[in-house]
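Engineer: Could you have a look at this structure, given as structure tokens, before my questions?
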């Protein structure tokens, strides 16, 4: 049986038609429900569709030009974006057409039926594509109530038949008007038109009644509507907002009226007509307001003729769905052109804040697609019409009140939560409240606003924010401003004090007496049975055999003889075995039991004897016994070193143990970026290896929130003798003051002078002192050679030593010590010229350069390293065979540490020291080191030592050990005496000096001296006529000595300047006169009636530059209108001016009035004073350490 040509049968499995759900299927279903017409390709009806031929003809005519490209592009994008797409992808038209033909090959049909069906199918694709051309951008399924609806205005543009004024015509799908219609459709249209006419008459009568509504009824109606709107959902259309938003678009642009693409619905037509008539009816009510400004009439006129379509557009944009199309931009531009700037601001104040609160989230173009709204139009039409008039009346009335309030109280604009609010004085609360009423744009009376404010929670944050913003100007213009002015008027010492307070690093102090501290376990020592059997005599003999270990203290544990007796964990012993440590060194044998028992220890041993491992192994056992770290906890173990290189080396020695035990360590030292070190500490670390200065920086950073010392219970000071000298002692004590009182403290060093003992005992409790091999002794494995030779022969001897060494061992390393940084770089250049690859390291270099240099030296990239004493402590290089003291060390401890860089861990090495005949003060320390280590003393060195002792006895020389023993106190005295270098070294380590009263007085004294010198150098403002008389008077007057002569005490530059100026004045007899009998050269045609001079020859170069550079002079010329000329010649200090030559360098100021010349002279005097003070400060400043200069 033949199937009718338009009847529908199930599609084959996998068919694109059966598996695909189109975006506008919901819209088609609704259209089919409304008018009984179906726009799908096939219908379920058994009767044929007579409109296929007409539809095909219209479609071929309209889409002939862009047929192929348009279909192919839109079809691929539509099917890609459809969320319900399940079938195979149709990439092009040919593939789709081939598949479509194959689907119906097995069906019986006539040729004409086939063609019609194929055309109908293609037409169906065209219909599906036409609606989706605009929605490809969104990438979302549209047409449902859950998704943002889209506009089909493109379809309206493509229609050949334009819409009429009443809105009859157009459908939800963009399709061509139908040429033929059934009789039923014609009857339906007639019935709808009849209903429409009846409805119009009804609305006209209602509009006439609304014109007579008084303002009180309008306000009551608005109050009820606001209550309803507050409880409604965000998707419910608010009539009041719709009416308020209606002026958002104007009918001046023709495109909105012509491109309306809504479906043919009498309810939509009724809504549109009602809005139009409501606006027309509201004209008399708006015009009846008295005192309405003329400028408001323009937007009101536009609002009365606005249709429902632009009204919905405003609501959508107010809620965030901004349509950036050409029509909206044109409308906005025209509205701004009609209004002046002031009116535009007011409209922002009164209108915009209300939109985000009650705006509808349904876009205007798809309003008729919402099924829930379609049935409620009739219920809301009367309220919408009434609210439209009331909204216009209320807004205009609010604008009038706002204008009145502005004239009375000149408020300030303050932004609150994206809106613009009016901010008044606190003394006028009522106008401020009224401004908020205008901002909300809801209810005109104040009581209605307050009632609505209590009910609605959305507006409360806005009010709170407004109150907070109001207080800010009050605080800004309060008494604090006058305090600031007083500070500005104060003396310079107050500013210096503020600056120093900001620079000062304060560590938050912790009072452990008020904190409950968890007890910790420190004693892990259990004496092995084999040690407990030893008698006291046997223990004494054992200690004597182990390089003569000497111990002091109570209950000293017996020394161990192998690693298994130390009480270490299995993991630690495995790492020790992997590192190849066969048995403990003498210092380790005695120090490990003492540290494992939780006692404070002072360890003194020769260089290279394994002191680092002696304090690291007990620390790991100590940390593992404590609870794990929490987020805000600081480290448990703290190791402090005097040099950065030593800190890096200790951190490197920790790494093999850290990975095995699951611990973390941070190396913090100056010169490296503190940001990375803070990040590592915040991640958590049980151990921190640091220098004191950087540790203080970390503790003071971020008000002490970076790290803390609350959990530090194991503290190590390596090279402890230097930690309590060299300026470290105050920093170390500041760190110790923030630690727990029950901590365990360990001090290790190769040298420990007796003068330091009293300082070390301050941080120790009942310590055990362990000394191996004596204090300040060079290891016996080191061969010491001391040569007394002149300075020129040193370099040739260095070349000889290097040649002999590298002939024997090409892989050997050589370390050359010098006294000063400049000498290190000079020696580097000379050795490089001789063909020896080498590098230098000293405190004047950046830390990254120092780190890379040490690394390259250890790896053998460069075999020779030239260094100052910064590399004398802790540096451990395996192949270091030769140490050369190019400049002899001036004390014993420095010599021991320099020589101890070689001959480490049982290896042998050579230390060669050059001593010049003039360095008799170095001879006693070097000779003592040779004696203690059993080395022969050269005869010339012994003679120099005796000669120095004679000088000391006679008072001609002073015997020093290299240690002050008083920390900063001693160093401060040296800095004050030298006035140079050590101050900057101290500050670089992190300790800033406080600004004392003496320093303030010095600053004031400097400023006064500079001012006196400038006043003496500047002349008074003289008239042109008085110049000759002054010259004659100067000739006849005898030289008069003034009291301005200053005695040159400390060779201060300011004193020199004052003395020179006073000498000039006493010689010339008049302040500022350049030379007796010499007239001022201001007789040119441009010479002013008044002039003044300012001699600048004897001031510092920076001061002279301040008053002669083009920028400063140009500012003075522009401000005063004077003429400023630099005259004379510059004569260095001490050089007299030849007879008949140009005078000393001075500045000539000329002007027409005395006032302008005096003003210019005052400004030049100020510049000269500032430049002089800056020059003096620059001279008193030293480089990084006072020894290194960049050439």
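Sequential numbering from 1, following the chain as shown.
Note that Cβ sites are derived from N, Cα and C of the backbone, with glycine treated the same way.
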Engineer: Checking feature assignment: region 'Disordered' per Swiss-Prot, candidates 890-916, 917-943, 1025-1051. Which range matches?
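Structural biologist: Checked against Swiss-Prot: region 'Disordered' maps to 1025-1051.
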Engineer: Coiled coil per Swiss-Prot sits at which of 969-1018, 1069-1118, 1119-1168?
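Structural biologist: That would be 969-1018, per the coiled coil entry in Swiss-Prot.
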Engineer: Could you tell me which of the ranges 706-709, 710-713, 714-717, 718-721 is annotated in Swiss-Prot as motif 'DEAD box'?
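Structural biologist: Within the set 706-709, 710-713, 714-717, 718-721, Swiss-Prot attaches motif 'DEAD box' to 718-721.
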Engineer: For which of the residue intervals 503-531, 532-560, 561-589, 590-618 does Swiss-Prot record motif 'Q motif'?
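Structural biologist: Result: 561-589 is the stretch Swiss-Prot calls motif 'Q motif'.
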Engineer: What is the three-state DSSP composition of the motif 'Q motif' (561-589), stated as helix, strand and coil residue counts?
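Structural biologist: Helix, strand, coil within the motif 'Q motif' (561-589): 18 helix, 0 strand, 11 coil.
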Engineer: Would you mind listing, in sequence order, the residues at least six apart from residue 612 (ATP binding site) in the same chain with a Cβ closer than 8 Å to its Cβ?
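Structural biologist: Sequence-distant Cβ neighbours: 649, 650, 653, 718.
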Engineer: Apart from 605, 606, 607, 608, 609, 610, 611, 612, which residues in this chain have a Cβ no more than 8 Å from the mean position of the Cβ atoms of those residues at the ATP site?
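Structural biologist: Here the nearby residues are 585, 587, 750, 904.
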Engineer: Can you tell which of 608, 610 has the least company, meaning the fewest other C-beta atoms within 10 angstroms of its C-beta, among these binding-site residues?
Structural biologist: 610
